[in-house]
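Features as listed in Swiss-Prot:
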- R48, R54: NADP(+) binding site (BINDING)
- R131, S132, S133, N243, A244, G292, K307, P308, T309, S310, S311, R333: FMN binding site (BINDING)
Amino acid sequence: MSHNTFGHLFRVTTFGESHGVAIGCVVDGCPPMLPLTAEEIQRDLDRRRPGQSRFTTQRQEPDAVKILSGVMPHPGTGEQVTTGAPIGLLIENTDQRSKDYSDIKDKFRPGHADFTYEAKYGIRDYRGGGRSSARETAMRVAAGAIARKVVSGMRVRGALVQMGPHKIDRDKWDWDEIARNPFFCPDKDKAAFFESYLDGIRKSGSSIGAVIEVVADGVPAGLGAPIYAKLDGDLAAALMSINAVKGVEIGAGFGAAALTGEENADEMRSSSSDMGNHGPVFTSNHAGGILGGISTGQPIVARFAVKPTSSILSPRKTVDRNGAETDIFTRGRHDPCVGIRAVPVGEAMVACVLADHVLRHRGQVGAS
């Protein structure tokens with residue numbers, strides 16, 4: 001199985017399965033002399049960790065990360081810093097229940113990657129989905145914590161802005177509210193609604209989808225490249241690679257199709273400071289901070305749609321490996337809305353793409 005690596009200069013390779021001994025990643029290309037501790041990575045992992053509320057899977061994984069390589073004490077200060085060597089990270093799996101999946105080892109679960117993995121490789125890991133499980137995304141979050149070190153002047157934040165058909169009130173957006181509720185929701189009133197709404201979904205044994213928005217502030221103008229190395233193209237690919245994601249948009253996205261040219265084009269005004277260093281002032285941001293594949297200096301805004309968790313309690317019709325029709329009953333522990341824990345994953349992927357483009361920009365034009 002190839003294609004377990006993404007990035008060009010800031011490269012992340014993940015490995016491990018949902019019910020294997022451990023999951024891990026190797027981050028290659030991280031610059032040296034950046035302060036980095038396991039505790040800093042752990043803070044990001046704890047935001048994604050399962051079992052923290054009744055609204056996520058009850059699989060109890062501490063997700064305790066170990067740094068295996070790529071760091072050492074600074075020769076002068078003693079502070080742990082990166083060395084420029086590949087950074088190896090490992091998380092041991094501790095709460096697998098593979099027996100929950102024994103009844104479906106020969107059946108294809110609707111909405112899952114069971115059939116497609118079998119069709120491609122002739123074998124699949126039915127125990128929690130193997131590589132196709134969202135368990136893999138823990139290592140993306142760990143890599144994202146390192147990426148944030150590379151782009152320390154930028155701030156990457158995500159929020160759940162829609163659950164099912166219910167959208168937040170953008171006039172009530174409060175970034176501080178995200179840490180106060182289990183949904184990463186910036187709208188206090190809608191977070192209270194989501195609690196009762198998702199309780200009903202959860203108790204019925206069903207699931208629901210969500211839309212996540214990630215905003216990156218402090219991104220300088222000039223990151224990215226034309227045609228085949230567009231910043232928005234890489235962001236879209238990175239976000240689409242997340243489990244259960246079925247759509248990505250940048251800025252106005254699909255909404256731009258309903259706008260006129262006058263409405264969509266972000267007008268510019270002269271800034272009071274040196275244009276060469278700071279650029280113009282934009283009167284809107286329908287472009288989502290990217291034009292021609294290159295950042296404008298405005299906040300980068302990306303949204304992605306997460307489908308409902310395919311593992312639900314109601315019986316479904318399917319076929320087995322022999323092509324015979326059969327019923328399937330899903331057991332195990334699953335998220336009623338996998339979009340909740342996708343928020344820190346989306347942040348991590350955006351941070352990794354930005355780190356990669358910072359290093360590529362530095363290599364091409366010599367700028368820091």
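Just so it is clear, glycine is given a Cβ too, placed from its N, Cα and C backbone atoms.
Remember, predicted model here, so these are calculated numbers, not experimental data.
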In sequence order, what residues of the same chain, 6+ apart, have a Cβ less than 8 Å from the Cβ of S133 (FMN binding site)?
E17, S18, N243
Looking only at R48, R54, K307, the binding-site residues on record, which one has the least crowded Cβ, with the fewest other Cβ atoms within 10 Å?
R54
Whole-number answer please: how many Å between the C-alpha atoms of R48 (NADP(+) binding site) and K307 (FMN binding site)?
18
Across all the protein chains here, work out how many other Cβ atoms are within 10 Å of the Cβ of R131 (FMN binding site).
20
Which number gives the other C-beta atoms within 10 angstroms of the C-beta of T309 (FMN binding site), all protein chains shown included?
24
Around the Cβ of A244 (FMN binding site), the count of other Cβ atoms that are within 10 Å:
21
For T309 (FMN binding site), what is the secondary structure by DSSP, using just helix, strand and coil?
coil
